[in-house]
Amino acid sequence: MLSSSFERNLHQPLLFIDKDTKVVIQGIGNQGQFHSRLMRQYGTKVVGAVHPKKAGSIIAGLPIFKNMKEVVKRTDANASLIFVPAPGAAAACIEAAQAGMGLVVCITEHIPQHDMIKVKKVMKETGCQLIGPNCPGLIQPGTHTKLGIIPTNIFNNGKIGIVSRSGTLTYEAAYATTLAGLGQSTVVGIGGDPFAGQLHTDVVKRFAADPQTEGIILIGEIGGTSEEDAAEWIAKTKLTQEKPVVAFIAGATAPPGKRMGHAGAIVSGGKGTAEGKYKALEAAGVRIARHPGNMGKFIFEEMKRMGKI
């Protein structure tokens, strides 16, 4: 399990966000304006946005600042949500991290992989936590806080932590756990790009340390080793003896070499297969759902079996 220093060292809440998270929008175009309104309607503290050419104005009810350093100085923002188009998104991530953000959530798709290598390096140097890119963001129903494009009406405060590479399957799992009366503690969409910030293990560790999270749904897809790495950590810590974990892997029918949606969803050289991931997770004590419609049913059964409901 994780020590309390895990939270303190990152200068942020254990589950990335809480009711006091102050968010700044980078990329206040049509999408940035639309989703910033929805976030505020939900209850998120969105304190401003950055646009170098429109500093001093008000857009979508938000004060506009010249750069990230200025918005941090003026608002004490500690999290950034990025809608900047792909050519400038990496620079926006780096600017946010170097301005002192504890969390950066990048929605942008099609960021060049070479750019993301630079971003990952800066994130490591600054201690900033990156979620994404190419992700729906994250949501915490209990504090009415969300960063991203996740629809809020299917979520309800509760016991299940969800970590997913797929946006739509995130919503499937959330709706199922809401219908089952379990609800969600925090839901994190980590994105499907090859060079993502947070991976499954990073989020599962936080769920393991969080007292509100009593069960976990892990949603993966073909390609990469994020799911296998999570399975190794789950097995090492014997997590499933304390908290049930249910997993679904998308792309089981994908032919080798065929990309399935996300840039990272590709089986190459015999690695990253759905079966390989299922095998690793099952060996770690994770219950496998081979159909997304079973995720809610299986986590309910596991929670009941362990006396958590």
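The backbone N, Cα and C atoms fix where each Cβ goes, and this holds for glycine too.
Residues annotated as transit peptide in Swiss-Prot, with experimental evidence given as evidence: 1-9. According to Swiss-Prot, the CoA binding site annotation covers Lys54, Ile107, Thr108, Glu109, on the basis of sequence analysis. Taken from Swiss-Prot, the feature substrate binding site covers Tyr171. Under the heading active site, tele-phosphohistidine intermediate, Swiss-Prot lists His262.
Mapped onto three states, the DSSP output places Tyr171 (substrate binding site) in helix. Here the CA atom of Tyr171 (substrate binding site) lies 19 Å from the CA atom of Glu109 (CoA binding site). The binding-site residues shown are Lys54, Ile107, Thr108; of these, the one with its CA atom nearest the CA of the residue listed as 'substrate binding site' is Ile107.
Here CoA is bound by Lys54, Ile107, Thr108, Glu109 per the record. The longest Cα to Cα distance in that group is 25 Å.
Sequence-distant neighbours of Ile107 (CoA binding site): residues of the same chain at least 6 apart with a C-beta under 8 Å from its C-beta are Gln31, Leu81, Ile82, Phe83, Gly132, Pro133, Asn134, Cys135, Pro136, Gly137, Gly148, Ile149. In this view, the densest Cβ surroundings among the binding-site residues Lys54, Thr108, Glu109, Tyr171 belong to Thr108, judged by other Cβ atoms lying within 10 Å.
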